[in-house]
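Asker: As annotated in TrEMBL:
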- 79, 80, 81, 159, 160: S-adenosyl-L-methionine binding site (BINDING)
- 1-4: topological domain 'Lumenal' (TOPO_DOM)
- 158-169: topological domain 'Cytoplasmic' (TOPO_DOM)
- 6-24: transmembrane segment (TRANSMEM)
- 51-68: transmembrane segment (TRANSMEM)
- 127-151: transmembrane segment (TRANSMEM)
């Protein structure tokens, strides 16, 4: 019974950020208003996201069984996945990565690699990194996390500029 509760807790931990991302994507004005005048909603989103990411990683660690050395595909997939994540962040910055356009910021359109070559490169990079963890983490948790990313990719494809937030002045 305890192991089933631990597995459920790990699954909840893996899914924890996605309701937050969904709420911010679909109701960005509420987040801008909540952050208040003078606060950067992208910075606040990044702070909350980092805390949620730490909880996700703790959830994975709670069900992982570590062994060394990992199969060769693990470090290769992890390196490629993290390269894509870092490249996206380098090109978009914090505001571009953390829904700046939804919060009413002007974010320049980027066509440099990996954009224009890979659809949703940050999510692809994250999923490659997760697949790299299959040597230690049970499949169902990696799948659950990847499904969260697929859900967000689908949601973000349907962005309606009319629903963007108006920055507080």
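The backbone N, Cα and C atoms fix where each Cβ goes, and this holds for glycine too.
Help me see these features in their spatial surroundings.
Answerer: Looking only at the topological domain 'Lumenal' (1-4), the predicted model's pLDDT averages out at 66.
Here the transmembrane segment (127-151) has Cβ contacts under 8 Å with residues 10-11, 14-15, 17-18, 22, 56, 59-60, 63-67, 70-71, 73-78, 80-82, 84-85 of the same chain, all six or more residues outside its ends.
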Asker: Restricting to the same chain and to residues at least six past its boundaries, which positions have a Cβ under 8 Å from a Cβ of the topological domain 'Cytoplasmic' (158-169)?
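Answerer: Result: 26, 28-29, 31-33, 36-38, 41, 101-105.
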Asker: Tally every other Cβ atom lying within 10 Å of the Cβ atom of residue 81 (S-adenosyl-L-methionine binding site).
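Answerer: That number is 21.
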Asker: How do the residues of the topological domain 'Cytoplasmic' (158-169) split into helix, strand and coil according to DSSP?
Answerer: 3 helix, 0 strand, 9 coil
Asker: Mind checking which of 159, 160 has the fewest other CB atoms within 10 A of its CB? They're the binding-site residues.
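Answerer: Least crowded of the binding-site residues 159, 160, by Cβ count within 10 Å, is 160.
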